[in-house]
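First comes the structure, then the notes that go with it.
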């Protein structure tokens, strides 16, 4: 087999390459002809050029002796213009070719389907997300080690990698006065991802200060740095953008400065269908991938060291299943021989979002975003005793119900997850919901249920990987606590919008508005929410990193159990949800796993 790339030592483009250099040269350097790599060999193949894929590719190819091929279904989109570059255009690109728009199954909650927005292009969902930069609670990350058996996956280590990825700018005096707070000890300043305050240049709205005053009267903290491991209360937050307000996406930061490395190649417009496995040894070994655009025209490329799956929490489990790695019951249904029986595609955990919006008076005009990370008790308010009663009496029942619905495979193991969540909420006051405030022309809250107890799944439904036929069922709100938690958080947002200092700027509610009486009960809210929510597009867990006996698909080095030379390195592997926007976690994951890969590479030489 021929070698695809030169391993000669050259000086790569500087990491500090100005971000405003657009695509001059890069698109011409990206491969589009599959025959350019077919039949050849590299050290590492990365299936997926999103956040984790490009971060890992950049880190591995710092060593000029390591050759890497990234295969991505989309194309280079970072210079598309305001639709990508402007965070204030969030949502406008949905429905375009840069959005996978995966469709769920018909949901049992409401007999409707939903679309899962996911970036299709180099950079993945960093092309289309809202760019919010926060970090989880320390105890959440610590539990990955203490509860799930992932040695080294604790707050101290993961936070260090997260800071390594970050190039933060402190807020200026105007931004601090508006409500930003910056703790230098919680930020990196020499990393790759540019992070700083969003600022259109307009005056900031007084509504954020009013919200802070309102919650302070409730005993809730304000103006905390949400990157320090204890997100709680109301604060403004930084975003992934440059000082000139251009989006800092993964392709712009990890590929654009490095695409001229002779040991890195990127093939676009191609799907990875399955992993090629050598089954002649006691343990199957990944030796390459099959890729293409349809089954009549496929190609193989080979990996000397490892195959790394980075196609996202919806697609990486599909690639495994098409490779014969998954639940035998699923693979038998589509006629694929089982090579390794693992609970692939289970433990899917996504959050939900509901809007509560009001008109504002002219005095409230101005820019600004903030978030209220609310604890379990703050979310439920007067309903907290009933909510605690559910936590204390229903965990076993919920686990059995989730297994019966196909969201997990072992009720005893799932109860361990639920007990971990209960510990977070009851003993550590981990944020349970997020009320995300945007003041662009309205008092617009979007409310998230951060810690879902429901479990869903993703499984292939056809043996042809290029048809991408699969069942994606997050099973939203099939757990009663999730539904009532979303209802309580939404009710809280309505109450805050017309309370205390916020009243000054309140000019009438538009959503739910007349669709839900102002004195609606929690049950009324719950019924309304079933038909008026959307997914949050933060699905995790479908190739969970945990002990095998707990339901793990990969170990603490992201290696697939029972297969040599194969890892999953993306959002499939977190075993839990977190009280945070997830980019900080995913960048840390990619860098930490990259170091594990490099250590294995060094030991092989």
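Numbers run from 1 along the shown chain.
Even glycines carry a Cβ here, placed using N, Cα and C.
The feature FAD binding site is assigned by Swiss-Prot to 51, 52, 72, 125, 129, 130, 132, 272, 571, 583. In the three-state DSSP assignment, the secondary structure recorded for residue 132 (FAD binding site) is strand.
Among the features that Swiss-Prot reports, N-linked glycosylation site is placed at 65 (among others). Cβ contacts within 10 Å of residue 65 (N-linked glycosylation site), excluding its own Cβ and spanning all protein chains shown: 12.
Around residue 111 (N-linked glycosylation site), a 10 Å sphere centred on its CB holds 9 further CB atoms from the protein chains shown. Residue 111 (N-linked glycosylation site) falls outside any helix or strand according to DSSP and counts as coil. Taken from Swiss-Prot, the feature N-linked glycosylation site covers 111 (among others).
The DSSP secondary structure for residue 186 (disulfide bond) is helix. Around the Cβ of residue 186 (disulfide bond), the number of neighbouring Cβ atoms within 10 Å comes to 18. Under the heading disulfide bond, Swiss-Prot lists 186-228, citing similarity to another entry as support.
Swiss-Prot lists 190 (among others) with the feature N-linked glycosylation site. For residue 190 (N-linked glycosylation site), the same-chain residues that are 6 or more apart in sequence and have a Cβ closer than 8 Å to its Cβ are 167.
Residues annotated as N-linked glycosylation site in Swiss-Prot, with similarity to another entry given as evidence: 280 (among others). For residue 280 (N-linked glycosylation site), no same-chain residue 6+ apart in sequence has a C-beta under 8 angstroms from its C-beta. Under the DSSP three-state reduction, residue 280 (N-linked glycosylation site) is assigned to coil, being neither helix nor strand.
DSSP assigns residue 377 (N-linked glycosylation site) to a helical segment in the three-state reduction. Summarising the annotation, Swiss-Prot assigns N-linked glycosylation site to 377 (among others) and lists similarity to another entry as the type of evidence.
The N-linked glycosylation site annotation in Swiss-Prot covers 410 (among others). Taking Cβ-Cβ distances under 8 Å and a sequence gap of 6 or more within the same chain, the neighbours of residue 410 (N-linked glycosylation site) are 403, 551. In the three-state DSSP scheme, residue 410 (N-linked glycosylation site) is classed as coil.
Marked as N-linked glycosylation site by Swiss-Prot on the basis of similarity to another entry: 495 (among others). In the three-state DSSP assignment, the secondary structure recorded for residue 495 (N-linked glycosylation site) is helix.
Swiss-Prot lists 538 with the feature active site, proton acceptor, giving similarity to another entry as the kind of evidence. Sequence-distant neighbours of residue 538 (active site, proton acceptor) (same chain, six or more apart, CB under 8 Å from its CB) are 350, 351, 571, 577, 582, listed in sequence order. A coil conformation is recorded for residue 538 (active site, proton acceptor) in the three-state DSSP classification, outside any helix or strand.
Residues or ranges marked as O2 binding site by Swiss-Prot on the basis of similarity to another entry: 559, 560. Here residue 560 (O2 binding site) comes close to 320, 325, 340, 342, 543, 553, 554, 566, 567, 568: these same-chain residues lie at least six apart in sequence, with C-beta atoms under 8 angstroms from its C-beta.
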Query = Looking at the recorded positions 51, 228, which sits with the largest number of other Cβ atoms within 10 Å of its Cβ?
reply = 51
Inquiry  = Can you tell me whether DSSP puts residue 51 (FAD binding site) in helix, strand or coil?
reply    = helix
Inquiry  = Can you give me the Cα-Cα distance between residue 559 (O2 binding site) and residue 228 (disulfide bond) in Å, rounded to a whole number?
reply    = 29
Message = Tell me which of the recorded positions 65, 111, 186, 228, 495 ends up closest to residue 72 (FAD binding site) in space, Cα to Cα.
response = 65
Note = Checking the binding-site residues 72, 129 for other Cβ atoms within 10 Å of each Cβ, the smallest tally belongs to 129
Request  = Quick one: among the recorded positions 132, 495, which has the most Cβ atoms sitting within 10 Å of its own Cβ?
outcome  = 132
